[in-house]
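Enquirer: One structure coming up, written as structure tokens, with questions to follow.
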Amino acid sequence: MKFALVLLGFCAFYLVNATGDLETELEASDLQELQEALDLIAETPLESLEAEELEEARKFKFPKINWGKLASKAKDVYKKGQKLAKNKNVKKALKYGKQLAENLAAGEVHEPGTPVGNNKCWAIGTRCTDDCDCCPEHHCHCPAKSWTFGLIPCSCQVTESDKVNKCPPAE
């Protein structure tokens, strides 16, 4: 609202100054009306405008928060999280994620292509096609079926009790 009044006043002031050379062509009454409009804008108290804005701000109310309902939702989410933490598949995914994060952060035990024994092996997390690409103590793990090839590629992983490297030893 203030901005509109200031803009109107500025435009009116510009018109008065721009038409100053043309005073002779304009009638005195038109100039008088324009001058009165400028005076009216100048006399409008900004305090009344601020009071209106303050009144509107007072009328605005923040939504009430039901803290009990919020706490019960938080408790439900916590319980669901604990159930998920007990899930066998989630545990495996968490273990895989932790292993991957550790390998990315700490670096690898074996650099890609480094000979280990008679085999050349690739670092943990490196893409692989079969167990022979990985070190003897690692295996090539494919987390998804072949239709996701490229999206979730196979990679060398630490060998667990249920997974073994099936590549025949190098001669």
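Glycine residues also receive a Cβ, built from the backbone N, Cα and C atoms like all the rest.
Take a look at what Swiss-Prot says about it:
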type     : residues      : note
DISULFID : Cys121-Cys135 : disulfide bond
DISULFID : Cys128-Cys140 : disulfide bond
DISULFID : Cys132-Cys167 : disulfide bond
DISULFID : Cys134-Cys156 : disulfide bond
DISULFID : Cys142-Cys154 : disulfide bond
DOMAIN   : 118-171       : domain 'Oxytoxin-type inhibitor cystine knot (ICK)'
REGION   : 59-104        : region 'Linear cationic cytotoxin domain'
SIGNAL   : 1-18          : signal peptide
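What's the neighbourhood like for these features in this structure?
Expert: The number of other CB atoms found within 10 A of the CB of Cys128 (disulfide bond), across every protein chain shown, is 21.
Residue environment of Cys167 (disulfide bond) contains 17 other Cβ atoms, counted within 10 Å of its Cβ in all protein chains.
Other C-beta atoms found within 10 angstroms of the C-beta of Cys134 (disulfide bond) number 28, with every protein chain shown included.
Taking the Cβ of Cys142 (disulfide bond) as centre and 10 Å as the limit, one finds 16 other Cβ atoms among all the protein chains shown.
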Enquirer: Check the Cα distances from Cys128 (disulfide bond) to each of the disulfide-bonded residues Cys134, Cys135, Cys142, Cys154, Cys156, Cys167 and keep only the ones within 10 Å.
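Expert: If one measures from the Cα of Cys128 (disulfide bond), the disulfide-bonded residues that come within 10 Å are Cys134, Cys142, Cys154, Cys156.
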Enquirer: Return one of helix, strand or coil for Cys128 (disulfide bond), based on DSSP.
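Expert: DSSP call for Cys128 (disulfide bond): coil, neither helix nor strand.
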Enquirer: Rank the disulfide-bonded residues Cys132, Cys135 by the number of other Cβ atoms within 10 Å of each Cβ and report the first-ranked residue.
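Expert: Within the set of disulfide-bonded residues, the most crowded position is Cys135.
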Enquirer: From the Cα of Cys142 (disulfide bond) across to the Cα of Cys134 (disulfide bond), what is the distance in angstrom?
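Expert: Cys134 (disulfide bond) to Cys142 (disulfide bond), Cα-Cα distance: 13 Å.
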Enquirer: Which disulfide-bonded residues (Cys132, Cys135, Cys167) fall within 10 Å of Cys142 (disulfide bond) by Cα distance?
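Expert: Of Cys132, Cys135, Cys167, within range: none.
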